[in-house]
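Please read the structure below before turning to the comments.
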Amino acid sequence: MSAARVGVVTFPGTLDDQDAARAVRHAGGEAVPLWHADPDLKGVDAVFLPGGFSYGDYLRCGAISRFAPLMEELIPAARAGLPVLGTCNGFQILCEAHLLPGALMRNASLHYICRDQGVVVENTATPWTADFTEGQRIVLPIKHGEGRYVADEATLAALEANGQVVFRYVGNPNGSLNDIAGIRNEAGNIVGLMPHPEHAVEDLTGAPSTDGRGFFTSILKKLVNA
Amino acid sequence: MNLDTVKRAADTPGERQPYAELGMKRDEYDRVREILGRRPTSSELAIYSVMWSEHCSYKSSKVHLRQFGTKAPKSDALLVGMGENAGVVDVGDGWAATFKIESHNHPSYVEPHQGAATGVGGIVRDIMSMGARPIAVMDSLRFGGADQPDTRRVLPGVVEGISHYGNCLGLPNIGGEVVFDPCYIGNPLVNALCVGLLRKDQIKLATAPGPGNKVVLFGALTGPDGIGGASVLASATFEDESQAKRPSVQVGDPFMEKLLIECCLELYQADVVVGIQDLGAAGVSCATTELAAKGTGGMDVQLDLVPLRDPSLRPEEILMSESQERMMAVVTPDDIDAFMAICTKWDIPATVIGEVTDTGRLVMTWHGETIVDIPPGTAADEGPVYERPFAEPAGQAALNAASAAELPRPEDLRATLLQLFGSPNLASKEWVTSQYDRYVRGNTVLAQPADAGVLRISEAMPGAEETTRGIALATDGNGRYARLDPYAGAQLALSEAYRNVAVTGATPLAVTNCLNFGSPEDPEVMWQFAEAVRGLADACKILGVPVTGGNVSFYNQTGSTAIHPTPVVGVLGVIDDVAKRVRSGFTGEGDRVVLLGETREELSGSEWAHVAHGHLGGLPPVADLEAERALALVLTEAASRGLLTGSHDLSDGGLAVALAEACLARGVGCAVSLPGDDAFVDLFSESAARALVTVRPEAFDALAELCAAHEVPCYGLGGTGGGTLAVEGVLEIPVAELREVHEGALPAVFG
């Protein structure tokens with residue numbers, strides 16, 4: 001049986017693509033590089049939109065990336081059920097592309113913040129979080145200047161009612177509404193979060209936690225069993 | 001509007017030229033006339049004035065810096081030494097590391113955010129131009145007193161500039177320093193270090209060989225950045241609208257720099273680069289003269305082909321512009337299409353602006369007319385060299401006589417420790433470091449607040465051998481020590497950085513330095529400089545670590561008051577198996593706490609004297625380099641044998657502060673007793689060549705034997721565990737209280 005293939009997207013200014021690919025490989029999957037200018041998903045089984053400063057965060061974080069040629073393929077595929085995970089800038093891009101509701105604004109402190117952050121898993125009904133248990137407390141690094149999640153009241157209420165809040169911060173670092181660290185779409189195949197699971201998969205490097213592994217084992221099990 | 005061509009210069013020998021406004025002395029200007037056999041054109045004057053500036057020519061420091069070569073220890077690891085964009089050292093298994101530290105002090109005072117940001121950008125391009133992938137940065141920062149109002153303007157701006165540029169560039173920030181002292185209030189020090197990795201066979205040099213090869217300018221467009229001097233020149237020569245106010249501080253675009261990094265790496269991978277140089281200070285002037293001087297010797301450049309962000313720029317301004325994110329490459333005609341295709345892929349503007357010749361002349365034209373025709377070596381390498389007079393400062397002997405031994409000592413050592421631990425220099429720097437991404441690229445093994453940053457190196461470049469190795473990096477400096485004795489102060493800076501690398505288990509290999517001083521025209525400052533260089537060169541020889549490059553920053557003074565002489569030293573080390581790196585501080589309960597090294601009564605220049613008494617006098621701790629070397633041997637061997645569970649170096653604040661920091665690493669306390677009979681000296685003396693380590697109890701004998709073999713004093717102080725820092729019969733402080741004092745200090749000042 002060939003390994004599950006997870007696409008890792010590189011936009012100009014993407015920074016965590018190498019880390020995302022490594023995390024996929026460590027979990028036993030095949031990481032397939034996807035290039036922003038190439039409208040070809042290469043038949044991957046899932047897509048990881050990593051963090052960084054795509055297009056320098058000019059205009060608004062993620063605002064330019066959503067128009068990349070690759071996104072013309074990715075957006076309909078995601079709507080049709082392709083599992084997609086966006087972390088940090090990837091989350092911002094998913095919001096800008098309207099694959100996820102709401103927006104990410106400047107941190108309340110007005111400072112960029114890099115720290116190891118406690119996060120509670122609120123929802124495991126996604127292909128990216130199935131290996132966690134609901135209510136499980138994990139540690140993942142955050143590193144962002146614009147991670148304050150906002151949405152209008154109706155959207156927030158719907159997210160809460162539908163179980164679409166996937167992660168909540170323990171000790172809100174950035175002023176996000178309802179302590180939201182990550183959400184999913186209604187169908188559950190698209191997940192976006194500000195923390196970085198790909199920086200918490202090895203003992204030697206990255207955050208003093210390997211809790212990020214759960215994302216990658218979840219998706220690979222899902223793909224292998226599909 | 002007249003274009004000042006070579007022909008016009010020959011025809012108008014008497015025309016007055018603004019050499020003085022450009023910072024040139026009369027005799028320097030006369031020498032240019034002598035070299036050229038005529039007056040320089042305004043473009044040529046622009047080139048010579050920037051290339052012969054202190055910053056580019058090292059004219060006041062050169063005669064001293066030579067010692068780094070003449071006294072250099074023999075080192076098989078050194079692949080590229082001083083004189084290139086950055087030094088390169090062999091780190092084994094086919095890998096090489098290149099690293100360098102550079103100052104951006106003055107721009108960071110004028111405009112803290114952009115000044116500090118472009119400091120990072122500049123040093124990263126130096127590393128790229130060696131053929132390497134930049135893999136991490138660190139910053140050594142010094143500000144005025146934390147409570148001085150201007151520090152609240154400068155520090156947040158500097159930190160934000162480094163944060164924005166470095167984070168956006170995708171380089172982990174793995175360490176450095178933040179120091180406060182009123183002497184830096186008008187002259188903050190912003191020293192940025194970058195380290196890169198490359199395959200040993202991929203080293204690139206700044207050279208333009210091969211007549212017919214193309215000269216390509218690529219990266220950002222050229223705009224009117226950092227060319228205050230050129231405006232003077234333009235206004236003296238021309239009557240046109242381009243004299244509008246120009247910003248004198250450059251503005252950085254980290255997004256462009258990230259694209260440049262990936263583009264350069266792909267160019268190297270495709271092997272389509274013959275020579276390469278980054279554009280930093282002196283921009284096109286520096287790149288063209290240095291490339292030509294180190295290559296076949298000649299170059300023709302059509303300056304009007306330089307792509308401009310502002311089309312009104314005059315040739316003199318283009319030559320002096322310090323626009324960021326630009327590189328210059330020499331490419332064979334056969335490879336030029338492949339080169340351009342890679343630049344297009346990364347959306348990097350690239351333009352052929354000239355070609356290599358064998359004429360021995362750098363010739364530049366502007367729309368067909370010759371405006372520069374010079375032997376490039378005369379600008380790049382043959383600048384003026386000064387033997388500046390130096391003399392010991394008038395008050396030096398009195399300063400050295402005022403020892404801290406005379407100061408009243410505290411009764412309450414608990415209160416003293418808390419006072420020091422919450423003082424700005426010893427407090428947690430998390431307010432600063434939490435604004436830096438330390439994880440990006442996924443190879444960070446140790447970062448702040450560890451003593452040194454440690455990186456895994458196996459995944460940096462395609463095509464290189466797999467390796468278990470890692471590299472460690474630390475920077476240190478102590479302006480107070482150097483003020484008391486610049487010779488010893490420079491040695492102590494090296495000692496501390498060397499020790500910080502060794503406590504992680506890595507073997508120190510090579511040195512970079514950033515020498516921050518006042519005006520070289522002041523003989524007392526020049527004495528400090530001469531002593532510091534002599535001390536550092538002597539110490540490098542004894543420790544067996546060569547200087548591979550660095551930077552001198554003079555004129556760090558306000559009026560006639562210079563900063564403390566501040567040599568900042570960076571040390572790079574290698575660890576054979578990075579999985580055996582030693583973590584910082586107390587990592588678990590039930591370990592033995594061991595002090596390595598000899599404690600003397602050395603309190604002059606200490607943090608205690610500074611914080612408790614505002615005192616600076618006496619002589620700094622002895623720089624015992626043989627002891628330092630022996631300590632490093634013990635630390636690295638103990639690490640490779642897996643004896644150590646944690647470590648921490650002893651420096652500012654002595655054993656007391658080291659114990660407190662070790663407790664905070666994981667919230668593990670300790671119970672210890674002191675080896676000497678004077679608790680105050682044991683706790684607060686700053687003797688060098690000391691470290692704190694922890695071992696499992698069963699490993700203590702092996703460590704003690706190792707110490708005996710290397711004649712390193714070794715004292716079992718006690719054990720780890722519990723929730724307090726307890727020093728028997730002296731003090732007991734809950735770890736939570738230590739944390740509150742330590743972590744609350746900077747947020748209380750900076751918000």
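Note that Cβ sites are derived from N, Cα and C of the backbone, with glycine treated the same way.
All protein chains considered, the CB of A:C88 (active site, nucleophile) has 28 other CB atoms within 10 Å. Positions annotated as active site, nucleophile by TrEMBL: A:C88.
Cβ neighbour count for A:H196 (active site) (all protein chains, 10 Å cutoff from its Cβ): 31. If you look up TrEMBL, you'll see A:H196 (among others) marked as active site.
Residues or ranges marked as active site in TrEMBL: A:E198 (among others). Applying an 8 A CB threshold to same-chain residues 6+ apart, the list for A:E198 (active site) reads A:D16, A:D19, A:A20, A:R22, A:A23, A:F48, A:P50, A:T87, A:G212.
A:E198 (active site) falls within a helix when secondary structure is assigned with DSSP.
The two recorded residues A:H196 (active site) and A:C88 (active site, nucleophile) have their Cα atoms spaced 7 Å from each other.
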